[in-house]
Amino acid sequence: MLQKLYDWVDERLDITPMWRDIADHEVPEHVNPAHHFSAFVYCFGGLTFFVVVIQILSGMFLTMYYVPDIIHAYESVYYLQNEVTHGMIVRGMHHWGASLVIVMMFLHTLRVFFTGSYKKPRELNWVVGVLLFFVILGLGFTGYLLPWDMKAYFATVVGLEIAESAPVIGGFARTLLAGGELIGAQTLARFFAIHVFFLPGALLGLLGAHFYMIRKQGISGPL
Amino acid sequence: MHRGKGMKFVGDSRVPAERKPNVPKDYSEYPGKTEAFWPNFLLREWMVGAVFLIGFLVLTVAHPAPLERVADPTDSGYIPLPDWYFLFLYQLLKYEFAAGQYTVIGAVVIPGVAFGALLLVPWLDSGKERRPLKRPIASGLMLLGVASIIFLTWESVDDHDWEAAAQQGEIVEGVEVDESAEGYEIYQSQESCIGCHGGDMLGGAAGPNIFESDYDTEEVMEIIQNGLGEMPGGQFEGSDEELETLAAFIANDGQDPDNGNGGGDDEDNNEENEED
């Protein structure tokens, strides 16, 4: 049945080559922890992606309850945390996942650095990886404000003060992020938009480039 | 693949009618113990992923995500703290060489150089050698960077008063003020009190929530008469009996003390901002 369905689609769209590009590739011995346990360091990138998927899924469920305005934001998070069935777990996954994705990404960066995997011909993939690092830090910064509790608000005040201290573009960057003089309704709306639309869009694009390059070039050889 | 003349397509599309056999390549020809990603390695990855996910779920159930009280932009006494992964940057700005008039060094120059170097690593370290011990400058600088991040984060965590932080953010249970009490009536006649602490006694632009500090009747009277911190004394208009009734009412957490349901010993008190 499944085979028939596959053949039906394949006849029309010729998907076998695409499937080959995505799934059919080799895993060399030096990155396979089944053969050398120390190769677990090569799992960090995959685990980072795994946590990113958890973040996207849990975030999608959070937006079912979250209301991005300063009157209701806190109440909606409080309700989600204390009243909604399993709301505590979904919010917990998003909260702890945010920390975990940064830990995993940090370890992945160190692995790539210390195995010298960024060297020719993989320079561009390293650059895309560092950009992903920035995007994920940005997601952490903007997401921290959204519950609109005390620590969220004042962490953002400090963060925007730091942004403002940059020469030339500082004032512009602050106004762009805060949406005006005050850190208030506009800021929350902007951080929500950045956290839920702008940065995830950039994240998916960069991840696509990251994965395309690793598949095209293959994983770097043994040291 | 068959090309050129005689090639057949599916309908009028550009999809060739001839099918490729869907057989995975034989990776045994590759060096070492290379295996196929699909399905051999992916199954193993899924098992690792499942174990990871269970550990992660145990963490989320054991430690619910924290939520403090609703943001109050007027509470200037709150000690702010960014999320832990920004602490190193936050700590950097506390050092003299990177604060005050030099903030731009701590906020832009140092992180800019560090992250700029990270972005340009392939061109800064362009030699062919990959082993970390064979390129000591690159490895050394990276270790230095990692060590500074760990050190700064550690210092920041060490500097921060975690108990005060936990207290200042705590969710305060709403105080139900007994509006039929005599003390409440007296409060409502005091314009100077309402001016700062608000008509609901729960704090305003200039004064904190009246009930958030734990004082007994004597102490409340003392504060009303002599002031505390920014609060001026001698503003009360009325007799000494009225003052005592009001103080007892406040010390009893907004309940009429004669009704017997006592307060004054609850644990939900906030940081005593009045003493800052």
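Placement of Cβ uses the backbone N, Cα and C atoms for every residue, glycine included.
Remember, TrEMBL labels are computer predictions, not curated facts.
Sequence annotations record features per position, and here TrEMBL assigns domain 'Cytochrome b/b6 C-terminal region profile' to B:27-154. The annotation transmembrane segment is assigned in TrEMBL to B:46-65, B:102-124, B:136-154. Summarising the annotation, TrEMBL assigns domain 'Cytochrome c' to B:178-254. The feature heme c binding site is assigned by TrEMBL to B:C193, B:C196, B:H197. According to TrEMBL, the region 'Disordered' annotation covers B:249-276. Here TrEMBL flags B:264-276 as compositional bias 'Acidic residues'.
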Spatial neighbours of the transmembrane segment (B:46-65) not adjacent in sequence (6+ beyond its ends, CB under 8 Å) are none
Using DSSP three-state counts, the residues of the domain 'Cytochrome b/b6 C-terminal region profile' (B:27-154) come to 87 helix, 3 strand, 38 coil
One finds that other Cβ atoms within 10 Å of the Cβ of B:C193 (heme c binding site) number exactly 23
DSSP composition of the domain 'Cytochrome c' (B:178-254), residue counts helix/strand/coil, works out to 39 helix, 2 strand, 36 coil
Within the same chain, the residues 6 or more beyond the ends of the transmembrane segment (B:102-124) and with Cβ under 8 Å of it are 89, 92-93, 95-96, 138, 141, 145
Students should find that the Cβ of B:C196 (heme c binding site) has, within 10 Å, a number of other Cβ atoms equal to 17
Cβ neighbour count (10 Å, all chains) around B:H197 (heme c binding site) is 22
Averaging pLDDT over all residues of the domain 'Cytochrome c' (B:178-254) gives 81
